[in-house]
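Asker: This structure is in structure tokens; I'll ask about it shortly.
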């Protein structure tokens, strides 16, 4: 061993929760990898374990506590960070011997805790970090976080109390990170935040340098600039503010993917008011029709909550009726789960669990029928598909209408070899409720 080198300390890492937390994990790991730390595959082979927790729902907290317990049992030297870290008393009560507990976005505190537990062993002769940093996603796609926090105060959500108000990154910084990812081989950028369409409001839409000019910290301006990088750009967590209309022409022009992830949560005006969400869903239907007239290939993904406190059968029927008329391409649904500290717990009496379960079943059955009709309409069409997983005879990929992890897949038979990250044209031959099947042409 060279005299300036010593054995590299090893870190085991657990990342729980949403894609935004995954980006936090990538940032922490990139920093530590640059300092010479190595990643261990198992807890018992590491010098320290970091657990990035989720604290949004009680079930997520339970999963986080279980992960911490497993790390303590298998290793015993554990640092906790993430959203649940904003409530350290609850964690310390269960696990008093943790090395450190830090809150969300506390990158420097996590790194400092690692330094204290196991100091870095620098190796000046190795380039330890790839150009795109340490990524926890496959090489061909990456999450691009453009802001932290949220200015909304939805009654079912405690994110602002965990992550604070909206803090946007300068547009130039976002674009430089995106360009770096593209140069490293990323073919798809998934734009994320707590509230993507509010991007830049805290910066008063200030301009920042980018290439030979400037770009403003504004949702549409950023989307347009990202669209010039020559890769798929997918927009997530978009609230239906009026200026969202301006991004639809970019989708029609092929600058960004014709895909809009827009969490609408419900359709009954009275439920939406209890949620403190925009309540004019009739106008929302008009806007969706307008968007589709501009961009016929638009796929809208949304999530809904059933069994919200006080939800009546009539209010639930309003949701089903709206869903049938909207004909959304991609839909997720969750029975309401109480969140400690959320205002929703006090707005109305809870809906019984058995009623929530029954409404969830009816919702999913109704949407499955819509989804199957929309999927069958694609049979015979030729679609571009990005390959996620290559196989000996059949590969698995996604169309422009499908985000990783949350949407369906396209199963691709191909006579020629394909690799993860390839974008191939596929003739669709068969459709299921959520997946498509076809052959590469």
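Backbone N, Cα and C atoms are what each Cβ position is placed from, and that goes for glycine too.
Straight from Swiss-Prot, here's the annotation block:
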type	residues	note
BINDING	18, 54, 83	[4Fe-4S] cluster 1 binding site
BINDING	150, 154, 157	[4Fe-4S] cluster 2 binding site
DOMAIN	9-119	domain 'MTTase N-terminal'
DOMAIN	136-373	domain 'Radical SAM core'
DOMAIN	376-441	domain 'TRAM'
Asker: Using the alpha carbons only, what distance in Å do you get between residue 154 ([4Fe-4S] cluster 2 binding site) and residue 18 ([4Fe-4S] cluster 1 binding site) once rounded?
Answerer: 18
Asker: Work out how many Å separate residue 18 ([4Fe-4S] cluster 1 binding site) and residue 157 ([4Fe-4S] cluster 2 binding site) at their Cα atoms, rounded off.
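Answerer: Between the alpha carbons of residue 18 ([4Fe-4S] cluster 1 binding site) and residue 157 ([4Fe-4S] cluster 2 binding site) there are 14 Å.
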Asker: Looking only at the domain 'TRAM' (376-441), how are its residues distributed among DSSP helix, strand and coil?
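Answerer: Looking at the domain 'TRAM' (376-441) with DSSP, the answer is 1 helix, 32 strand, 33 coil.
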Asker: Which number gives the other C-beta atoms within 10 angstroms of the C-beta of residue 157 ([4Fe-4S] cluster 2 binding site), all protein chains shown included?
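Answerer: Result for residue 157 ([4Fe-4S] cluster 2 binding site): 20 neighbouring Cβ atoms inside 10 Å.
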Asker: List, in sequence order, the same-chain residues at least six positions removed whose CB sits under 8 Å from that of residue 150 ([4Fe-4S] cluster 2 binding site)?
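Answerer: Spatial neighbours, sequence-distant, of residue 150 ([4Fe-4S] cluster 2 binding site): 157, 159, 160, 163, 165, 166, 194, 195, 198.
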Asker: Over the domain 'TRAM' (376-441), what does the predicted model average in pLDDT?
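Answerer: Mean pLDDT across the domain 'TRAM' (376-441) comes out at 95.
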Asker: For 54, 83, 154, listed as binding-site residues, tell me which one has the smallest number of other Cβ atoms within 10 Å.
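Answerer: Each of the binding-site residues 54, 83, 154 was scored by Cβ atoms within 10 Å; lowest is 154.
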Asker: Once the chains shown are all counted, how many other Cβ atoms turn up within 10 Å of the Cβ of residue 18 ([4Fe-4S] cluster 1 binding site)?
Answerer: 18
Asker: For the recorded [4Fe-4S] cluster 2 site, whose residues are 150, 154, 157, find every other residue on that chain with a C-beta no more than 8 angstroms from the centre of their C-beta atoms, and list them by sequence position.
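Answerer: Once 150, 154, 157 are set aside, the remaining close residues are 152, 153, 156, 158, 159, 160, 194.
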Asker: In the domain 'MTTase N-terminal' (9-119), how many residues does DSSP put in helix, strand and coil?
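Answerer: Computed counts for the domain 'MTTase N-terminal' (9-119) are 58 helix, 21 strand, 32 coil.
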Asker: Give me the sequence-ordered set of same-chain residues, not including 18, 54, 83, with a C-beta within 8 angstroms of the centroid of the [4Fe-4S] cluster 1 site's C-beta atoms.
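Answerer: Same chain, not in 18, 54, 83, Cβ within 8 Å: 16, 17, 20, 21, 53, 55, 56, 60, 82, 84, 104.
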